[in-house]
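Noted in TrEMBL for the protein shown:
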- 127-426: domain 'SAM-dependent MTase RsmB/NOP-type' (DOMAIN)
- C235, A236, A237, P238, G239, N240, K241, D259, D286, D306: S-adenosyl-L-methionine binding site (BINDING)
- C360: active site, nucleophile (ACT_SITE)
Amino acid sequence: GAWLCTVAAAVLASVESRQGSIRGLVYASGFQNVKQLYALVCETRRYSAVLDAVIANAGLLQAEKKLRPHLAKVLVYDLLLGGGFRGGRGRWKRLLHRHEARLKAELARLKVHRGVSRNEDLLEVGCRPGPAVQVPRFVRVNTLKTCSDDAIDYFKRQGFSYQGQASSLEDLRALKGKCFLLDLLLPELLVFPAQTDLHEHPLYQAGHLILQDKASCLPAMLLAPPPGSHVIDACAAPGNKTSHLAALLKNQGKIFAFDLDAKRLASMATLLARAGVSCCELAKEDFLAVSPSDQRYRQVQYILLDPSCSGSGMLTRQLEEPGAGAPSKERLHALAGFQQRALCHALTFPSLQRLVYSTCSLCQEENEDVVRDALQQSPGAFRLAPVLPSWPHRGLCTFPGAEHCLRASPETTLTGGFFIAVLERVEVPG
């Protein structure tokens, strides 16, 4: 029993890192009951997104540090969706027994959210999160113009009820009516119920508030450039992340922002002016054509690279175009090629210390694969920085260290779909 689950987890990990087909790996494992193993791996893989959500919401990997993600998936599949627990009578059974009630409750809640009654119906939703998972309205306080306390007071005077800082995702999930919270992670992020519309709000119009999903606030926060530093925002439009960088810099230092789309750059200039950004140089330029040896960029220690991507994680896109979650193989190949070139190019800037690579895509080809290839192309120069250990949703384990990457999704983090990797230069002892 326990051995079956252990072998299944190993096969699952190898399939995800593209080391072979399920069938080939199952036979190569030397496990006696081939049929049983094949079925367990296939079913676990089929329910992968559901299991990710349940495991993250139940906090299983945070509570059980020794439990590896693939084994957790297999064991939880077996417990909740398989025909009864086959994980043996040993430590795994005891471990899962401790979390059984919580795991079952999370699965039940997922069904309620999706409006389905049978486990199989959870698969019907395909790979796109339906509108059933309500993502709260996140609002970033623009510290170039105001501070969180003043913004909170303004909302209180408008009759909103302030509930303090959230202590769990549970608090965010429970938000209703005219209530709001301070996010548990970002000190300048306010959280309102999903239906709150603030586009007409005077503080938004005045540039004191930026309507920005929580996941899209993480790149600037994790890049964390100190005031006075020089930063490149490689593919900058529409500009929310650029204005966030400027706020972290307190308008001291310099942001070189590039984008190729003239229309988007024009609206970005308006957004930055409204947000009070004065440290940014905008240029209509292809980042790949920006020369790392240009003297203007010799002090650039920080780069934010958020390249064009399939957008398969974007909520609006999924709700408006069902099925938009799955871009064509050709489009993915072209996008990943560009992302790959942009990341390798960024890593050649001579003073670079830290880089954040992010996408609003759910596809491995645009995320873990791009990061893995870039790290392989400059061996030993950069490494993945371990960030936000408490963040529940990690990168797919497709290469060693991929667990340092972050993923986000409506089910697991109550945000849009997102991917983030933080690369830092490896200090050469000298």
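Each Cβ is built from the backbone N, Cα and C atoms, and glycine gets one as well.
Overlay of TrEMBL annotations on the structure.
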{"residue": "C235", "record": "S-adenosyl-L-methionine binding site", "Cβ contacts under 8 Å, 6 or more apart": "F258, D259, F287, L305, D306, P307, S308, A342"}
{"residue": "A237", "record": "S-adenosyl-L-methionine binding site", "Cβ contacts under 8 Å, 6 or more apart": "D259, D261, R264, L265, S267, M268"}
{"residue": "G239", "record": "S-adenosyl-L-methionine binding site", "Cβ contacts under 8 Å, 6 or more apart": "A257, S267, M268, L271, L272"}
{"residue": "K241", "record": "S-adenosyl-L-methionine binding site", "Cβ contacts under 8 Å, 6 or more apart": "S216, P219, A220, D233, L304, D306"}
{"residue": "D286", "record": "S-adenosyl-L-methionine binding site", "Cβ contacts under 8 Å, 6 or more apart": "F258, L260"}
{"residue": "C360", "record": "active site, nucleophile", "Cβ contacts under 8 Å, 6 or more apart": "A215, S216, C309, G311, S312, G313, M314, G416, G417, F418, F419"}
Largest CA-to-CA spread of S-adenosyl-L-methionine binders C235, A236, A237, P238, G239, N240, K241, D259, D286, D306, angstrom:
19
Average the pLDDT scores across the domain 'SAM-dependent MTase RsmB/NOP-type' (127-426) and report the rounded value.
91
